[in-house]
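Taken verbatim from Swiss-Prot:
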- 9-135: domain 'EamA 1' (DOMAIN)
- 186-313: domain 'EamA 2' (DOMAIN)
- 2-22: transmembrane segment (TRANSMEM)
- 29-49: transmembrane segment (TRANSMEM)
- 55-75: transmembrane segment (TRANSMEM)
- 94-114: transmembrane segment (TRANSMEM)
- 125-145: transmembrane segment (TRANSMEM)
- 173-193: transmembrane segment (TRANSMEM)
- 205-225: transmembrane segment (TRANSMEM)
- 244-264: transmembrane segment (TRANSMEM)
- 270-290: transmembrane segment (TRANSMEM)
- 294-314: transmembrane segment (TRANSMEM)
Amino acid sequence: MAMTMIQLCYAGVTLFARATLVHGLSPRVFILYRQAFATIFIFPFLYLSRRKSKIAISSLDLKSFSLIFLVSLIGITINQNLYLEGLYLTSSSMGSAVGNIIPAITFLISFLAGYEKLNLRDIRGLAKIAGTILCVAGAISMTLLRGPKILNSESALPIAKSVLGHLKDQNTWLIGCLFLFSSTLCWSFWLILQVPISAYYPDNLSLSAWMCLFGTIQCAVVTFFLEKDPNAWILHSYSEFATCLYAGIGASALSFTVQAWAIAKRGPVFSALFNPLCTVIVTILAALFFHEEIYTGSLIGGLGVILGLYTVLWGKAKDVMMNQDQRDNDQKSEVKIHIEDSSNTTICNKDLKNPLLSKHKSTEEIQTHQQLY
């Protein structure tokens, strides 16, 4: 349920961010304010929660500082800048659809890193490979095979705010997709890096707070060097302010905390498997309310991505059941050992130095008991 709510937040950010960027807000400024609002929200919440529970905020040593700084650089600064540039140059539907290859990429990297197991002699192991290939092929077809237009008409794209400047229209789609693919790689690495970081720094709320703070500092440096126009730093409408605030609180502060918790419990691939839900929501709402065009190639590729994704999910289902059986067996073994240890424990001490009742008390109590009955 928590991961489903996160995908709803991401879908809202994708739609509203696309609309805000098209109307003139710089992608880099949007990311900066998003992370700043997330930091402003999460640190007081962290302080109040720790004060109420009387638990100190986890401090940072050199290793944890380096790991969190690296994760913030990959998962926030680089990832979000690439994603919003790609989102600006393509569409909301494309931005969410390309994210469907994140589970396949995450599974592949997790396998190479030793977090996922793969048995080529098992049909489920082969399903993981086939599903991964199908996901990648579907994503490529979405990019290269646009085909006939199914829904809505094409709208002009003002690209003066793009970091690339003015481009020909036929180049914007391909370059935007390249940005989106690069963003998915960064996000997959971010999910996988959560495993060693969570093991070394298990405080998920503090981890999210530090990531938001480091991301804000990094994004401020990037925006300072790339955004030369001082007017670009100003939020000119309530809709821009509301979008940045919503993205910061919902899609950064809260989602980072929940995802860190989910990854610690179920692993990075489990967290990545919920991305197709965001695609379905965004595609429907973008076509209905924002009149974004839908192409045949994108539709076929999207279906291929989702089919490949759930092929991988079916392949992973056996691993989940095996892990659950292993945990159940471990728990049964612990209970059995506990019972055996308890049976060897002396329950009653027979060698008392002094009797519990004296002879007089025992005789008097027996007589009283007989009189009552």
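Backbone N, Cα and C define each Cβ position, glycine as well.
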Sort out the residues at least 6 away from either end of the transmembrane segment (294-314), same chain, that have Cβ-Cβ distances under 8 Å to it, and list them.
93-94, 97, 100-101, 103-104, 107, 124, 127-128, 130-152, 273, 275-276, 279, 283, 287
Have the transmembrane segment (2-22) and the transmembrane segment (270-290) got at least three CB pairs under 8 Å, pairs 6 or more apart in sequence?
yes
For the transmembrane segment (205-225), could you work out the same-chain residues 6 or more beyond its ends whose Cβ comes under 8 Å from its Cβ atoms?
26, 28-29, 31-32, 35-36, 38-39, 42-43, 45-46, 49, 57-58, 60, 68-69, 71-73, 75-77, 80-81, 197-198, 233, 252-253, 256-257, 260
So, taking each listed stretch (55-75, 173-193, 244-264, 270-290) in turn and counting its Cβ pairs to the transmembrane segment (94-114) that are under 8 angstroms, which one gives the highest count?
173-193
Just to be sure I understand, if DSSP states are collapsed into helix, strand and coil, how many residues of the domain 'EamA 2' (186-313) fall in each?
109 helix, 2 strand, 17 coil
Reported mean pLDDT - the domain 'EamA 2' (186-313):
84
